[in-house]
Amino acid sequence: MGLGVNGGGVNAAKYFLKKKAKVLITDLKGKKELSASIKQLKSYSPEYMLGMHREEDFFSADLIIKNPAVPRDSVFLKKALEKGIPVKTDVQIFFDLCKAKIVGITGTKGKTTTSTLIYLFLKKKYKKVFLAGNMGLSPLDILDKTDFKSIVVLELSSFELEDLDKSPEIAVITNLFEDHLNRYKSFEEYITAKKNIFRYQSKDDFLVLNIKNKNLAKEIPSKTIFFGRENFKTLLMGDHNLENISAASKVAEIFGVEKKFQSQVLKRFKGSPHRQEFVAEKKGVRYYNDTTATNPGSAIESIKTFRKITKGSLMLISGGEDKGMDYKEFCKAVEEKVDLLALIPGSATEKIKKGTKNYIEGKSLKDAVKKVFSLAKKGDVVVLSPASASFNMFANEFDRGRQFISEVKKL
């Protein structure tokens with residue numbers, strides 16, 4: 001259920017099609033909107049019911065695989081559950097079938113960087129280490145490659161954690177602040193989903209927890225290891241990345257990976273794509289892509305990071321769609337540290353405009369890039385850090401980042 005414009009259900013469909021299962025894909029979006037996802041399944045023969053859902057398709061199923069992006073309160077899912085038909089996500093199936101040790105990473109931000117570092121650290125000592133999860137690598141893609149000797153580093157979003165009734169042996173929470181309030185009724189409900197990463201752990205398991213979130217300690221059934229901001233020799237910018245490295249280092253220590261091997265990784269690791277990613281220098285102006293800053297909190301961290309390294313003016317391209325967020329602190333950071341704010345259209349943009357005075361507007365991302373380019377001078381830094389969601393204008397935040405990179409390289 002839910003193939004997804006971005007292919008969120010493609011890998012689950014492939015997994016079962018390869019197992020010779022009869023697969024019906026149902027999605028409220030039509031063939032045209034889903035064309036990119038359908039193309040990925042061209043060599044298989046699933047059935048499709050697009051543009052609508054039919055009750056009979058749900059009631060005749062032996063198993064319903066729900067795209068994590070599909071809300072749990074879907075009327076079709078509720079009726080199927082009432083009839084005793086199991087509903088699972090690809091992540092649930094992975095947890096049910098995986099024989100490997102799982103390291104699960106969640107948090108509001110820093111998940112991909114921390115997951116990647118853990119993977120690279122562990123590869124220094126262990127041969128069968130796999131990386132999968134919310135960064136676009138379905139865990140079902142690697143399931144058949146794993147065994148009891150394997151370690152799987154798995155990035156988990158709140159959407160994926162909502163339905164889990166198992167927890168990884170080693171869990172990591174990078175940080176927790178407001179996000180996805182268009183999905184959850186409150187910040188507390190969002191946190192409840194995140195807690196599933198440790199809720200079902202045993203006393204012999206581990207939770208690596210940000211010291212800022214130590215208030216959760218009394219609820220944790222496993223061994224808790226706290227991390228905070230430490231100094232590391234690294235190519236990564238920003239204090240928040242020192243926390244990400246610290247979290248990854250704590251996990252590496254659990255597995256006995258020596259510090260000298262961790263240092264070898266840090267000397268070469270330049271970061272993950274779309275996260276404070278250097279794009280190009282044009283006429284002495286440096287451009288950075290931080291499209292994954294999809295909420296005010298992460299955009300504030302971006303502003304702090306780039307203000308420290310910018311000798312000239314700091315120019316920010318922000319805006320997009322709202323996720324039920326409060327932009328007061330973001331606007332305060334903009335007023336104090338940003339020299340030029342360029343906004344692209346969206347519901348979040350309207351909130352930002354109410355909280356700050358000095359901004360220009362672009363009709364599109366392309367228009368915003370061109371306007372900033374015309375105003376920037378040698379020594380300035382331009383950062384795409386939206387503080388907002390990407391839907392309506394872009395396929396996802398990565399599409400937004402790719403379009404930004406494309407426009408910058410055309411300058």
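Cβ from N, Cα, C; glycine included.
TrEMBL lists 105-251 with the feature domain 'Mur ligase central'. Helix, strand and coil content of the domain 'Mur ligase central' (105-251), in residues and according to DSSP, is 57 helix, 27 strand, 63 coil.
When Cβ atoms from all protein chains are considered, those within 10 Å of Lys111 (ATP binding site) total 24, not counting its own. Taken from TrEMBL, the feature ATP binding site applies to Gly107, Thr108, Lys109, Gly110, Lys111, Thr112, Thr113.
Annotated domain 'Mur ligase C-terminal' per TrEMBL: 274-387, in sequence order. Per-residue pLDDT, averaged across the domain 'Mur ligase C-terminal' (274-387), gives 97.
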With an 8 Å cut-off on Cβ-Cβ distance and a minimum sequence separation of at least 6, pull the same-chain contacts of Thr112 (ATP binding site), or say none.
Asn134, Met135, Glu155, Ser272, Arg275, Thr292
Per DSSP, how many helix, strand and coil residues does the domain 'Mur ligase C-terminal' (274-387) have?
44 helix, 28 strand, 42 coil
Taking the recorded ATP site as Gly107, Thr108, Lys109, Gly110, Lys111, Thr112, Thr113, identify the other residues of that chain whose CB atom sits within 8 Å of the mean position of the site's CB atoms, giving them in sequence order.
Ile105, Thr114, Thr174, Asn175, Asn244
